[in-house]
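Now, the feature entries from Swiss-Prot:
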| type | residues | note |
| --- | --- | --- |
| DOMAIN | 88-119 | domain '4Fe-4S ferredoxin-type 1' |
| BINDING | Cys97, Cys101, Cys105, Cys109 | [4Fe-4S] cluster 1 binding site |
| DOMAIN | 121-144 | domain '4Fe-4S ferredoxin-type 2' |
| BINDING | Cys124, Cys127, Cys130, Cys134 | [4Fe-4S] cluster 2 binding site |
Amino acid sequence: MSASFPLEALQAGHWFKLICGASYQHLPVIRNLALTYALAGADCVDVAAEPAVVRSALAGLAAYERLTGRDRPWLMVSLNDGEDLHFRRAWFDPDRCPTDCPRPCERVCPTDAITSTGVQRDRCYGCGRCLPICPLGLIEAQAWQVDAAALLPELLDLGINAIEIHTQVGHQKEFQQLWQQLQPWLPQLQAIAISCPAHPEAIAYLWDLQELVGNTVETVIWQTDGRPMSGDIGAGTTHAAVRFAQAMLTEGPPGHVQLAGGTNAHTVAKLQELKLLAPQVSRFVAGIACGGAARTPLAELLEPLAEQQRSLEAHPEVLQAAVTTAIALVGPLKQAVGGATRSIPAFLLRTP
């Protein structure tokens, strides 16, 4: 496998990106997620723009290289040009919680980030499901913004390959300011992803950004963030991203169109049904990115190892189960477009 395989996957229409979460910083899980999805055939791993997170993801990808002798997927970090749902964490004062509270917040949290002592910040990725469910309204969201100019030099030295900019309609000024900050480092990047949530004016807004970006970046990925952070809720969450991508393919600016925000195991079938995949149409969806739908099915396998600070590859049976689960999500896109479907690596099938 060549070092350019992620770009080839984009161009061919079978790109798969694992989203670890722009605010998610549970380091042992991130390491093992990166290893698992690399083995399953992912082309890119997207993580928070924090050095410790990047190091953890790279440790998982280094384990992949050792185990397979193959080049690793790209590593991408997420930035924001202003307030954004992906860049927030829940917070509450546990001393204000009544002792007899049924604690519905704990039940709805997909990462078990909420305990009797409050929110574990490294586990919270800002999905917001706890915010409306607190009986006393004690939970609030704390937003934050990545200091791109301060962090990017170190992250590039560590070995990131790409960045993703989260933006939204009405952020032209904020995007332009961030874009100017990024100029010195753009030549070092393999790709730039621009993520925007669905909105009636989204395509016109992205055309405005295209004029600003121009030809300064060779590989641009437009991420159609249909229903942010919802892919693990149910099958129907994929529809918004599919509709947005369909509109982008016919009306949007040039570049690779990649779905996110509600993507799940049903996304590929819907894209096939609408003939949006290669080679069914001349301009096709370049790929999909999955967050909750990719992480949640692996939680029961990876969390116990994280608590014990154990590497996944030291437990072959768990690794095989994790990779099998991941292939079930990655494989359909690769198969549908004729990409190289990853089978269970031979070393995982060896019996002791």
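Just so it is clear, glycine is given a Cβ too, placed from its N, Cα and C backbone atoms.
A map of Swiss-Prot features onto the structure.
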residue	record	Cβ contacts under 8 Å, 6 or more apart
Cys97	[4Fe-4S] cluster 1 binding site	Arg103, Ser116, Leu136, Leu138
Cys101	[4Fe-4S] cluster 1 binding site	Pro135, Leu136
Cys105	[4Fe-4S] cluster 1 binding site	Ile114, Cys130, Ile133, Cys134, Ile139
Cys109	[4Fe-4S] cluster 1 binding site	Cys124, Arg129, Cys130
- Message: Let me check the 10 A CB neighbour count of Cys130 ([4Fe-4S] cluster 2 binding site). How many other CB atoms are there?
- Response: 24
- Task: Give the three-state DSSP assignment (helix, strand or coil) for Cys124 ([4Fe-4S] cluster 2 binding site).
- Result: coil
- Over the domain '4Fe-4S ferredoxin-type 2' (121-144), what is the model's average pLDDT? 75
- Task: Determine the Cβ neighbour count for Cys124 ([4Fe-4S] cluster 2 binding site): the number of other Cβ atoms within 10 Å of its Cβ.
- Result: 26
- Message: What is the set of residues, excluding Cys124, Cys127, Cys130, Cys134, whose C-beta falls within 8 angstroms of the centroid of the C-beta atoms at the [4Fe-4S] cluster 2 site?
- Response: Ala90, Cys105, Val108, Cys109, Ala113, Ile114, Val119, Gly128, Arg129, Leu131, Ile133, Ile139
- Message: Tell me the coarse DSSP state (helix, strand, coil) of Cys101 ([4Fe-4S] cluster 1 binding site).
- Response: coil
- Hey, which of the binding-site residues Cys127, Cys134 is the loneliest by Cβ count within 10 Å? Cys134
